[in-house]
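Following: one structure in structure tokens, then a few remarks.
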Amino acid sequence: MTATTAIKVRGLTKSYGDVQAVRGIDLDIRAGEVFAVLGPNGAGKSTTVEILEGHRKRDGGEVSVLSVDPGRPTREWRSRIGVVLQTIEEAGDATVREMVRHFARYYPDPRDPDEVIEQVGLAEKAGTRVRELSGGQRRRVDVALGIIGRPELLFLDEPTTGFDPEARRRFWELISGLSDDGTTIVLTTHYLDEAEALADRVAVIAWGRIVAEGDPHTLGGRATAKASVSWSQDGVRHSVETGTPSRTVAELARRFDGEVPELAVTRPTLEDIYLKLIETPAAAGQEAGDE
Amino acid sequence: MSETATATAATPAAPAAPNRRLPSTLRIGLSRAAMETRLFFREREAVIFTFSFPIVLLVLFGSIFAGDLEGTGITVSQLYTAGLIGAGVMSVSFQNLGITIAVERDAGVLKRLAGTPMPRTAYFIGKTLNVLLLSVLEIAILLAIGVLMYDLDLPSEAGRWVTFAWVFVLGVSGAALLGIAVSSLPRTAKSAAAVITTPFVVLQFVSGVYIPITQLPGWLIDIASVFPLRWMCQGFRAAFLGDAGVSLELAKSYELDKVALVLGAWVIAGLLLCLTTFRWKSRRDG
């Protein structure tokens, strides 16, 4: 079965004055997948996503989001997408339930407001004013408002910035749940572990271009890169880089006759790969071809 | 309706069913008006700052300046009632909208709304109805104080109520549109109150709300005459003070034709300003 395409981008460009923010981006995001867009600030990531959301006009290229050109957004199209923007500093006097119920009225076929509040884990706070919620709880309200219209496609812009680790984990479960329900999710984030935990595929944008794209576990040759095997002997830490870590571990096991003290086998993390990708413009071009 | 729901739920990635009807603009507009009004009264600062301020001033001035205006049979308090109705209307329309929209824009609330299928017109319908309701309430309270405490006589002739009605409609519309337009001026939410309130306070002083316009120097009168507040107050004086107060006017006439002309011009100018300058994103958002 061929997956349908939710988002198709060809040769997207956008400049602000003399600054070329986006210099020819191609993207294909399949319906139902979680797609993470990574990249340093000012690399064209936000501009690209805002063009997809219909919040910004492009200069050139072709863009289709749910088969509609987001440069000419219609109400019908907006009712099929959900947008969770970066921080909204609204200190609202409305309660969570009032907000969610009110936003439900904008959509032709909304979810049940109480179910959505339950789903984002705010059932106990439904009667609380948004002003009195913690940062993480407010973010959950943002997500509730983003999904109340039963969107086929959800944009999440840096959804967990400022979260504590536990809140982040709970948030990831929420997003995974939405994905399981069939919602296509486009996520921007600065947290590489977040991209790795949630995304089926990631794209790294730097200097207005996509410098790498693919499965986060194999991105940039990550799976085939040399592993590092390290252990302790007589209080000294030893480490070797090897393309055959299993053999190294077997040898070590023989040498120690059983347990190797403080044994660790590591591959480059997504963060290592990411930092290498955004390092120099010249090195970037070839990495994309690895996938 | 429920059939549509099941169909959509079963195939989330399928194109929208053709019979998914979007809610009407008017319905969403009414829903926004209800929400805006409920939240306005929940926010104590806004109620005191924009809504109660003219009421407090009327009680204060009425208590300080007791007495008649020479040879007219009109008391100072009655004059203030008419003037503060003008200022009160401008407060809940111009000042209220100018500040709240600036704050909403800076906080990203407008951008979030722009990302939903809410028709943009519905946002303005909500604001307009909210302002109309607040204005009517404000006027009712000011009139009640005027009548009960300062012996203001409500107009008995239909003609003066007609004058009141058109001055009210033109005045509120112009001031509200102008408020929506100036909401784009403050750079941040923090500066909004200062940027919007300062010119408004100055305008009240030169437009005959606190000081009779006859006591101002000519150049100040010329400046005040450009803006709607002077004419709105003049129109309300025509409605509530009638013939008895006409000798207090600058031109010894209420100049209702000019009132209509200037207020009408501001409705058109305000609308053009809104259409050309309104932004859903904050300035730093580009």
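Quick reminder: no glycine exception, Cβ is built from N, Cα and C everywhere.
Check TrEMBL against the ranges B:1-20, B:61-80, B:101-120, B:181-200 and you find region 'Disordered' recorded for B:1-20. Remote same-chain partners of the transmembrane segment (B:79-103), defined as residues 6 or more beyond its termini with a Cβ less than 8 Å from a stretch Cβ, comprise 40, 46, 50-51, 53-55, 57-58, 61-62, 65, 69, 110, 127, 131, 134-135, 138-139, 142-143, 145-146, 150, 152, 168, 171-172, 175-176, 178-180, 182-186, 189, 192-193, 195-197, 200, 203-204, 207-210, 212, 228-229, 232-233, 235-237, 239-241, 245, 248.
Sequence-distant neighbours of the transmembrane segment (B:46-67) (same chain, 6+ residues past either end, Cβ-Cβ under 8 Å): 40, 75-77, 80-81, 84-85, 87-88, 91-92, 95-96, 99-100, 134, 137-138, 141-142, 145-146, 149-150, 210. Long-range contacts of the transmembrane segment (B:259-278) within the same chain, counting only residues at least 6 positions beyond its ends with a Cβ under 8 Å from a Cβ of the stretch, are 166-167, 170-171, 173-178, 180-181, 184, 225, 227-228, 231-232, 234-235, 238.
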